[in-house]
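Participant: My questions will all concern the structure given below.
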Amino acid sequence: MKLFVFLALAVAAATAVPAPAQKLTPTPIKDIQGRITNGYPAYEGKVPYIVGLLFSGNGNWWCGGSIIGNTWVLTAAHCTNGASGVTINYGASIRTQPQYTHWVGSGDIIQHHHYNSGNLHNDISLIRTPHVDFWSLVNKVELPSYNDRYQDYAGWWAVASGWGGTYDGSPLPDWLQSVDVQIISQSDCSRTWSLHDNMICINTDGGKSTCGGDSGGPLVTHDGNRLVGVTSFGSAAGCQSGAPAVFSRVTGYLDWIRDNTGISY
């Protein structure tokens, strides 16, 4: 059922003259599978804040998102870009069996006003939803507090989740997958990517990665269970290529989220 947005990379052509390594620049391409690789099946209720998003517009495409309030979902701007509406799937462990769904139109999608589809700066969007009651299978994830807005989270462990394939070329799994990953510093990630300050990266050593994962989906810290990343892009070379996977850094958007939703910690 699910084909998740994945992002390919434009890589500079090699020349015969030795030169410093050139950083990679992301280029979004829709309708390519994202993947959770070398993860594990998430037990029912482990990730009650994740939603599956089926967008409609010029075609249909799938992304992930995170419940941050009774009437709000956070996702990626490259997911909402060009959408005329979205069906939100709540409480699914088996990807084809959500507890319930809601549909909302483009008027309830708030895409970051400075989103740049060329370099994926400000790759973040909000979706205003009908009110949902929280219970064991459908619940919110908390944002970082304002006291942590300058925290870089380097060295912290986090969990990413989604319904993407479990290895390069694999079919989509029926069951929600999670993977435990370590956040790396901006300086380490900048060796591979041309980064914006409001991006955050994970180490993919050992083939553990979202590799783009469910674009728009969550990266949540083990310590404190705070949503610190929104899945943005990964390497087109494959999920086990070793390149860091990149997320929008939620702490960089706390003011924007508060101004649009009233949610803050």
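Cβ from N, Cα, C; glycine included.
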Participant: Candidates are C189, C239. Which one does Swiss-Prot pair with C201 through a disulfide bond?
Facilitator: C189
Participant: If you check Swiss-Prot, which of C63, C211 bonds to C79 via a disulphide?
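Facilitator: Here Swiss-Prot pairs C79 with C63 via a disulfide bond.
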Participant: In whole Å, how far does the CA atom of C79 (disulfide bond) lie from that of C189 (disulfide bond)?
Facilitator: 23
Participant: I'd like to confirm something. Which of the recorded positions, C63, H78, D123, C189, C201, has a Cα closest to the Cα of S215 (active site, charge relay system)?
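Facilitator: Closest by Cα: C63.
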Participant: Kindly state the mean pLDDT of the domain 'Peptidase S1' (36-262) in the predicted structure.
Facilitator: 90
Participant: With an 8 Å cut-off on Cβ-Cβ distance and a minimum sequence separation of at least 6, pull the same-chain contacts of C201 (disulfide bond), or say none.
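Facilitator: C201 (disulfide bond) has long-range Cβ partners I183, I184, Q186, D188, C189, W193, L195, P244, A245, V246, F247.
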